[in-house]
Amino acid sequence: MTERVVLAYSGGLDTSVAIGWIGAETGAEVIALAVDVGQGGEDLEAIRQRAFTCGAVESIVVDAREEFAASFVAPAIRANALYMDRYPLISSLSRPIIVKHLVEAAKQHGADAISHGCTGKGNDQVRFEVGVMALAPGLRVLAPVRDSGMTRDKAIAFAEERGLPIDVSKKSPYSIDQNLWGRTAECGVLEDPWAQPPEDVFVYTADPTVSRPSDEVTISFTDGLPTGLDGRALSLVDLVAELNTRAGAQGVGRIDMIEDRLVGIKSREIYECPAAITLLTAHRDLEDLTLERDVARFKRGIDQRWGEIVYDGLWFSPLRAALDAFVDSASVGVTGDVRIRLAGGVAQVVGRRSPGSLYDHALATYDAGDQFDQTDARGFIELWGLPTKVWAAREQRLNP
């Protein structure tokens, strides 16, 4: 029986060439799988047909936008997920859902292996292959770009030689990845960490230095998940899409950072994530209003670790599942509305309210109606500072 390989297919040069490359190198039949996670751009039916033209025996397109939002973006919002306190895991979140569908397709079509188009310098190779190890350890993984020396020049020559329907005349200077949660750009002039990113690299966001009227949004949350915008109940997909448009129009969500990659190198990355930054800003602020202090403090460490393991390709790990259990529990009661002003590239919280607010005006006010008994403070300070006082007395005794 002829071997079958399921290829993570984007419709671009590398994965289109990989269809024929895999067939020529291994004799296997290739099943192309494109997963729609809200990346936009080219029509997915055109991509599906291109795979057939390039030699695939089967071509599948999966609309996974709702699943991506509900099962991957939503947990990231609850976990305030920002790798290195800045990057909202745009690509990191999309890889495990692609792996999930690759494995399902492999089982359905009797495939022996899956394939991806990742290089050996990036994080995605780890995310794909460790994900496969977790879900289907018996499947082999083929990585033609990394393992077979399939350079861009060789890929172009391969495509031209076989007349593949791929336009390679307009080579973008950037490597782009995008989905519902944001857009990433690297390579080209961006590899110089001193060089200012040219404006043509940005697509999701307007220039934040240009003066324009501000916008204001009110985001509603239920148990830590966004459920409405400006009083309208919306699905998470629609809510994120609208915020990408409105916050992006105000230049919100541009990130220029030096990132520590999993493989050990530093890279310069440009991200555009207007909805992600707006939602994470609002969610964290609502947590400050509703979470008990020790839970909030502990959760910050959990959130950081959650972002790290997802970035590192361990979505399917038992640790992430365990962290999710804490995050889900802590999120109960994180319900309310957050009002955000969008202007000049900044999403600024200007108001928040919650039926479960722990803010007590009668305790916080310095005006009439203050119910905080300030005479309690002296005894509290004496007890709170007692360990420090005892330690200081010992130090003075031993080191007069």
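Here the Cβ of each residue, glycine as well, is placed from N, Cα and C on the backbone.
Site annotation for ATP in Swiss-Prot covers ALA8, TYR9, SER10, GLY11, GLY12, LEU13, ASP14, THR15, SER16, and the matching candidate from GLY55, GLY110, GLY117, GLY120 is GLY117. Spanning the residues ALA8, TYR9, SER10, GLY11, GLY12, LEU13, ASP14, THR15, SER16, GLY117 that the record associates with binding ATP, the maximal Cα-Cα distance equals 13 Å. In this structure the alpha carbons, written CA, of ARG127 (L-citrulline binding site) and ALA8 (ATP binding site) are 13 Å apart. Note: SER92 (L-citrulline binding site) has non-local neighbours TYR83, ASN123, ARG127, VAL310, TYR311, GLY313, i.e. same-chain residues 6+ apart with C-beta under 8 A of its own C-beta. SER10 (ATP binding site) falls outside any helix or strand according to DSSP and counts as coil.
A Cα-Cα distance of 15 Å separates SER16 (ATP binding site) from THR119 (L-aspartate binding site).
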